[in-house]
Structure formats: C-alpha cells, structure tokens
Amino acid sequence: MIMITDSLAVVLQRRDWENPGVTQLNRLAAHPPFASWRNSEEARTDRPSQQLRSLNGEWRFAWFPAPEAVPESWLECDLPEADTVVVPSNWQMHGYDAPIYTNVTYPITVNPPFVPAENPTGCYSLTFNIDESWLQEGQTRIIFDGVNSAFHLWCNGRWVGYGQDSRLPSEFDLSAFLRAGKNRLAVMVLRWSDGSYLEDQDMWRMSGIFRDVSLLHKPSTQISDFHVATHFNDDFSRAVLEAEVQMYGELRDELRVTVSLWQGETQVASGTAPFGGEIIDERGGYADRVTLRLNVENPALWSAEIPNLYRAVVELHTDDGTLIEAEACDVGFREVRIENGLLLLNGKPLLIRGVNRHEHHPLHGQVMDEQTMVQDILLMKQNNFNAVRCSHYPNHPLWYTLCDRFGLYVVDEANIETHGMVPMNRLTDDPRWLPAMSERVTRMVQRDRNHPSVIIWSLGNESGHGANHDALYRWIKSVDPSRPVQYEGGGADTTATDIICPMYARVDEDQPFPAVPKWSIKKWLSLPGETRPLILCEYAHAMGNSLGGFAKYWQAFRQYPRLQGGFVWDWVDQSLIKYDENGNPWSAYGGDFGDTPNDRQFCMNGLVFADRTPHPALTEAKHQQQFFQFRLSGQTIEVTSEYLFRHSDNELLHWSVALDGKPLASGEMPLDVAPQDKQLIELPELPQPESAGQLWLTVHVVQPNATAWSEAGHISAWQQWRLAENLSVTLPAAPHAIPQLTTSETDFCIELGNKRWQFNRQSGFLSQMWIGAEKQLLTPLRDQFTRAPLDNDIGVSEATRIDPNAWVERWKAAGHYQAEAALLQCTADTLADAVLITTAHAWQHQGKTLFISRKTYRIDGSGQMAITVDVEVASDTPHPARIGLTCQLAQVAERVNWLGLGPQENYPDRLTAACFDRWDLPLSDMYTPYVFPSENGLRCGTRELNYGPHQWRGDFQFNISRYSQQQLMETSHRHLLHAEEGTWLNIDGFHMGIGGDDSWSPSVSAEFQLSAGSYHYQLVWCQK
C-alpha cells in the first residue's frame, strides 16, 4: 500500500491528476463483480448478499471552482455551505457548474497532461455506521463503479487512495481506516484530469460520482479472481467449462475450491480441487491459482436468439466442507471465432443487427438505473436488434448481466478516445501514455470477460493508430484468445483489429481520404490480401430526420456473406431537460447551458428520443433487420428464416388482401420454419376485385404469446406486394351544372353552387376558395421548392463554420429560399363543361431564373379542380429539395385520413417499412417532434387525402401540420414552436431523399436526388 500524508495540501501539491504515469494509488486489482456470499444457495439463486451494502443515497456536497479552494477542514467535518445531493448523480444536473457538449474539440485547452487551473471540484462526504462484525475479521472494501474524472478518497480524515478512468470501478481496502460506530468518507472529485485527454467522446462532459457506491466485506482468505470459459467439440454436442480461480490471503493446505454448474434447479456438473496451478514454465506454476474443468453433455447453447444460461458457483472452503465464501456468475455456453473470413457464433455466421448506445438519461445525465437499461434492451429486441456496441466506454456492470439474460451481443469498448488530438494518435503512439491506456483495456477485460454476451473487445474509438494499440491488442489476444478484437482507428483495417470495422463507409462510393481512405464496403472486401469480415462499427447516422438509404446497406449485407452488418449511430438522443421561467420542461442541446465550445444539436443522433419514444426511422431499421424474409411467386409465399438457432415456435403468419385499403380477404397460419430454412405457404385463390384500385397483399408475422422482451401480439416482420389490378375505365360523367367564370381587372372568379375559386391575375395564384361564406385559404396556393433544413442538409455542427458543399448552403447560395415568382401567364378559358385557368411562373433570384412552373386548373361541373403541374429546373441550379405546392388552410380539423404509405413518417429513401393502406390519425400525430425543428412528417405514395371538408386525389406526397416550413426553419428548439392559424399543407409531386450515410457530407444517393430537369405531376382537389 502506498502511504502519503493525510494532508490535503500534500495531495494538492502532488497533482496526481496531471501525471499520466499515475492512474491510481492503492486501487485494488480488477476482477469480475463480487458479492462474497456466505451461503452457496444464495449465490446460486443470485439473492442479495448480506456482505454487499449500497452507499447510494444522500451525500453532503460542496462545489469549488478549483481543488486549491477546498479548505483543509473539510477532511474532518462537513462545510457549512455543503448541500445534499443524491449519489449516483452528475453534479451538473443539480445546478453546479454546466454540462458541456462537444464532439471532437476538447472542452479544455489542449496541453496534455496538464489541465486548467480552474478545475471544478466536488467535495462529497458521507457518514455511515459499520457492522461491528466486519471490523473483527476480514477485509472491507469500498467500490466506486464510476467517478468522473478523477478522485482522492479519505476515510475518517485519513487518505486512502486515488483513482481515475471514469467508466471502470475503483476499489479500495478500507479495513485499516474503519472504526466502530460512525465513519466518515470524504471524496474529492476533479472535473478535469490527464485522463480527460483519453475521454474525448462525442457526448456531454459531466462530472461526479455517477455510478453506484458500495461496501463489500470479504473474508481474510478470499477468492480474488475467477474466470470462466467454454470449449466444445466439433459439433457442439460436448462442452467443457473451464474455471480458473485465484485466491488471496493465507495459503493453507486445507483450502479447496469447488465449482458447481447449475441449470435452473439441476446441478449439471461439479468439481473440487486444492490450490496449485498448472506448470507454466521451468519455475513451475501459480500456487494461489487452480483450474477446474467440468464436462457437459449436450449443452444448451447461448445466443442472442436463445439466451440459455447456466449458473456457476465458485466456493472457497476447507477440506472438511466449511464454506469461507462463494462467488457466482451466469454462464453461457457459446463459441466465438473468425474462420474463412466470417465471424462465427457456435459455428454459424452472424449478421450483426447492431446499434451504438451512450449511457444517457434526459433527467439524470449519465446515470443509468435498471429500469432504463431494461427499457433500452426491450426496445432493441422488439425492433430486431441483436447487438449493441458500448460506445465508447465500458458500461454499468449491470448492463452486461441484462444483455446475457435477455440476449444481445455486446462489443465492449475501452474508455479511450483522443479525437481532438492532432494527429489523433499523438497520445496513443506515445509510450508515456501506455500505462493509462493499459489500465483502461486490461481492467475492462478482467471485469467483463465472464459475460457470454461480450463477443468482441474494442480498443477504443477515434484515437488514430499507435504503438500502444498494437501492444494492447497483443495483450488481449494472449489473455483472452476466445474473442476477436476490433478497432477502427487508423483506417479500420490495421494490424490491431481482427475485423474490418469502418465507420460511415458507403455501400458503393469510395471516400479516398489522405492516409486513411474509406473504401466502399463492397470494394473493401476485395482489396488484395484482405480476408477479414467487415462489420461497420458505425453507420447510418440517425441524426434528426435521417436513415435514408438504410435499405441499401441491408441489401449488401444479405448479398455478400463477409459483409456481416454493423452498428447504427446511435440509440438515444442526448438531449437534457431544462426548465423555463414557468417551470415547464424543455429539451436542451449543446450551447443551451452557456457551454463553450459546443457542437449544438449534434448530440441528438438517436433512433429514439431521450425519453425513449421512437423516432419514425426506428421502424425502418426494424423492417430491414427483420429475421424473416419473404418472396411472392404466384399464390405461394416463400418465408426464409434468418434465425441461426431458433426454430419458429411462437409465430403466426397473418395475410390480408385489400383494395384501396378496403379488406377483401384474410387468413392466418402458424409458421413452422427451422433456422436458416424456408417454408412455402400456399394462399387460397385470392378474390378478384370488381372495381379498379390498388390491390395489395400484406403479410405480418405475429407472436401470439408474450416473451421475455415482447407482449402478446407483437409484430416482428411484415411485407407488402402490389398485385395485378383491373383496368380503370372512366365512365362519362353525369351531367352537372357548368361552373361560371367572372373576370375582373384583378381576379378570375369561378362559381359553382355554393363553391367559389378566386385566382389573382397579378400573382397568378389560387388566392381564395369559399364553401358558402367560409373562406378556405389563409395563404395562396404556391409552388414550393425548399424544405426546412434537415441536419443532413446542414452538414456541420459547429456554429462558427459553414460548409459550402452542404445542401442547405447550396440552396441558399443559389437563391432557392429567396426566390420570388415572376408571372409569365395567367389566362382563363370557358370549356363546354369546365373552366380552365392556365398559369406560368418563373421563380427567380437576383434576375436569374431557377424554376419555371406551368399549371392548369380545370374546374368542372362536379366541383373538382384538376391541377396539372409542369416544372423545369435550371440546369445550373442545385437539385431542389422538393417540387410541390403549399398553402395555409383555414380549417383545423382533428384528424387526417389518407390512402397511401404509413402510418409513420416516410420519405422516398426511407419507406420500405411503410405500408399502403387507409390511415386515420390525429393531426398532432402528423408532426414529428424532432428537438431541432426541421422538415418532417412526409407521407409518400398517397392516392387520396382527406382533411376537413377537402379531398385531394392523385399520386403525391404530403405533410400537414400547424407549423409552416418557414417557422420550422427559423426555430432552434421544438418547445419554441407555436401553432399557427389554420393548417399548413404541403403536397409534393417529388421530394428529395433525406440521406443518412452520415450527417456531415451530402449523402442522398443519386437516385433520390431531383436531377431530371423537368417534372410533371397532377392531382385533383375537391370537397367531400
């Protein structure tokens, strides 16, 4: 044990937090989570241990701008200014200091290993009573599961130790410091340390004791570490559980270790041995270790599909059977290996349906509770995810247990990121930083290696490629050869990774960056000498209204076996709740706390909002990742199972046929398909519709029974096909009254019964409609070529930087947002049974014509207004965001009814999950409340739209809400939006894709850009 004076002044003088060679003082060695049961049955059933005591709860807290401002007296007693805070928590969430959101740029001046003199410091203290029996024998430890970023610990005024690495436990022996009765802990937490240079992740920078604190009492002679591994014969019919156990304390001949393996209430195998390890070299073996091997016949294998778990109980006892202590862990029998260019689990090639997940809560910052963790896992499973990357640090220890039990594959990632360094490997190639990096990697492996869910180790994120990475790669491969190692830095295919693991590589497009080219994922596989599997560590940047082009990745994954999936960036929006002057909550992002530097809304890239409400894009991910694939041939549906291990046993296939949303026939049957097999389902003779319309066959896979992660009735997969239809024959219309045209100097007015239409002859726009005396429009019907910019359109996060290549900057520079209409033509003609208005406009900016729009409005005796639009786009202007019409309707109806794709928001490059049907939703549900307002709520493939007294028919896309595109574009946060008068309707003949390969470069695929030059669309507007 290192002993230094208890004086605060001496600790401050040492400045351990500015020394990369000091990562800890007196911290105990890493190991799996312990509970020190004194009853093996309690260990087997995972009951709460009486030897493990939580110190979570109310602690005293005082904040200071720098450690030097902390008074020496604090070591002995609480300060008068101390407040009460809950541990675990981030002190910024209690109003102390400000959270800082930055992506790449360090939040402090870059001068490693030194940190600013103004270094916010939190002083925590807790008084507690200790069980006297704990003082009489054994060892009492204190465990801090997570403290950001570094801390010194005192107990009863005496200095105990120091720790850093905010995402792994720091554990200390308190035995020599405790006394009977009351004891006082004092923890001085520093916001910045040299470790902060290794923690430059894309996240909020917060501080404090943000994970659990607990006391653990161990016997003097104790289990100090244990490691389990599983091995198999070729066909997995026989397995061996290998358990290596290490002890600490007095090594006595009478000591024994028993390892028993349980499957529920049944003991499967057991073995007992004295200490004394196998011979390692010419000097012998470890006297304090023992390895036991248990044979298991026909093991129930673990996978994310079927997470079969056993329970291993490790007992330390004497030769007469007296139990000293027991530890335990869940065991999953599974094998991970790379063979022939494929990542295999239990001999089967995995397809990673993954997502990156930050530990984030809108109210609690980076504090994770079990309820939130379970909620995340259930949502992931329900949306067909099978893997999660712990981006970019080891998670709360409970997370791994939950992933073991519910079934998720985990990439466990070291808490190392130096993204803001120039070059990025400035520290990771420096041997002075090897000890700090080594602690972060080796301790992660030692803590988490017993979890079957952990199938891949990661050396960190965005830290370049340095010699330290190579050293740590070799250490992991030596200590744990049972798992592959991945690391993206330095180009995603260095010698420090077993898996090609690029981020944001595109399917077909190369990005030849200097030094670290990012090839298309298809090309990467075929590079000379390259035989590794490719799994994208990050892809499909889900920032705001995004995930366009997601289907293209999944087409490639299914086409090329060595393209084994990837991890979407990312799971949850990292917005934080703030309160306005009236106490109303609102969602905040970078800069909203006065934090500098900041990257604004770049912290919100989630498939779910911060409160875990799904984004519409989550449904697209669910559909593309579904485990059942379908093909229709005549009356036969071929169902292919992509499950590797699971035979369908809780699935019904429901099919239905509908004509324009009207059901014609339906049925259901059980799915009985083996893993990686097919089932052919013969449908009955389908009815022939008597009228014209869109005829669709829809299949859903429904789970009739609840599972551990889903309720009864859960839909896991679906598909639609448009069937052959009857030809549409238009019968002559019955005679109607003829609309009357009235012409004045300013207007053309058409009247039919109680309806009137008014066209302004100076503007050429439909300026008003009446039904009876009620006006229907608040603004004229106009062309629209722009959208409120998406994050993907903006392309940058820094408030001080503009990317001229971003879509929004190109649109602005070309004048799309400022364009004004110059009237070229506005005429009226009376036909035999209709009135025809013909208009033409040149949309211009600074004398340059960007678009020419020609329209005809044919109003017939039935009251229908048929609108035909032809648009020409100037060859030298950027491709527009949309080609459509917009107006502000006077009505505010409660519901929207449409026949088209839905029910969720969908866009041309993100619509495979949408189904054609007749949908009916509240108006409020037609708006997607992205925290950073943008274009939202589009529904594609629409044949009919009904709202209030109005109906629109044709083939178009629309969105409808209380917010104009102008307001969405000018508003920074959703809570600042105000419902405008009436309802804004946007009807598009064509709409550009939204992109999403990444959010900082134009990522809309060419096929989803409006590049044709000329466009034609038409629709009918009438009253019901």
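The first residue you see is number 1, and the count goes up from there.
Just so you know, glycine gets a Cβ as well, placed from its N, Cα and C.
Around ASN605 (Na(+) binding site), the same-chain residues at least 6 positions away in sequence with a Cβ under 8 Å from its Cβ are HIS541, ALA542, MET543, TRP569, ASP570, ASP573, GLN574, SER999. ASN605 (Na(+) binding site) falls outside any helix or strand according to DSSP and counts as coil. What Swiss-Prot lists as substrate binding site is ASN103, ASP202, GLU462, GLU538, TYR539, ALA540, HIS541, ASN605, TRP1000.
Under DSSP, ASP202 (Na(+) binding site) is assigned to coil, being neither helix nor strand in the three-state scheme. Cβ contacts within 10 Å of ASP202 (Na(+) binding site), excluding its own Cβ and spanning all protein chains shown: 24. The annotation Na(+) binding site is assigned in Swiss-Prot to ASP202, PHE602, ASN605.
The annotation site 'Transition state stabilizer' is assigned in Swiss-Prot to HIS358 (among others) on the grounds of sequence analysis. Packing around HIS358 (site 'Transition state stabilizer') is summarised by its Cβ count: 22 other Cβ atoms lie within 10 angstroms of its Cβ, all protein chains included.
DSSP classifies HIS392 (site 'Transition state stabilizer') as coil under the three-state reduction. Residues annotated as site 'Transition state stabilizer' in Swiss-Prot, with sequence analysis given as evidence: HIS392 (among others).
Per Swiss-Prot, the feature Mg(2+) 1 binding site maps to GLU417, HIS419, GLU462. Same-chain residues at least 6 positions away in sequence with a Cβ under 8 Å from that of GLU417 (Mg(2+) 1 binding site) are, in sequence order, LEU198, GLU199, ASP200, GLN201, HIS392, GLY460, ASN461, GLU462, SER463.
Around GLU462 (substrate binding site), taking its Cβ as the centre, 21 other Cβ atoms fall within 10 Å, counting all chains. Under the DSSP three-state reduction, GLU462 (substrate binding site) is assigned to coil, being neither helix nor strand. According to Swiss-Prot, the active site, proton donor annotation covers GLU462.
Annotation comment: Swiss-Prot describes GLU538 as active site, nucleophile. Within 10 Å of the C-beta atom of GLU538 (active site, nucleophile) sit 25 other C-beta atoms, taking all shown protein chains into account. Secondary structure at GLU538 (active site, nucleophile), as computed by DSSP, is strand.
Separating the Cα atoms of HIS419 (Mg(2+) 1 binding site) and ASN103 (substrate binding site) is a whole-number distance of 8 Å. According to DSSP, ASN103 (substrate binding site) is assigned to coil rather than to any helix or strand. Summarising the environment of TRP1000 (substrate binding site), the number of other Cβ atoms within 10 Å of its Cβ, over all protein chains shown, is 18.
For GLU538 (active site, nucleophile), the nearest neighbour among the listed binding-site residues (ASN103, ASP202, PHE602), judged by C-alpha distance, is ASP202. Sorted by the number of other CB atoms within 10 A, the recorded positions HIS392, HIS419, HIS541 start with HIS419, the lowest.
When the recorded positions ASN103, HIS358, TYR539, TRP1000 are compared by Cα distance to PHE602 (Na(+) binding site), the shortest distance belongs to ASN103.
Cβ neighbour counts within 10 Å, taken over all protein chains shown, single out TYR539 as the most crowded of the binding-site residues ASN103, TYR539. The local packing around PHE602 (Na(+) binding site), expressed as other Cβ atoms within 10 Å of its Cβ over all shown chains, amounts to 25. In this structure the alpha carbons, written CA, of HIS358 (site 'Transition state stabilizer') and ASN103 (substrate binding site) are 13 Å apart.
A distance of 15 Å separates the Cα atom of TRP1000 (substrate binding site) from that of ASP202 (Na(+) binding site). Put simply, the two farthest-apart Cα atoms among ASN103, ASP202, GLU462, GLU538, TYR539, ALA540, HIS541, ASN605, TRP1000, the recorded binders of substrate, are 18 Å from each other.
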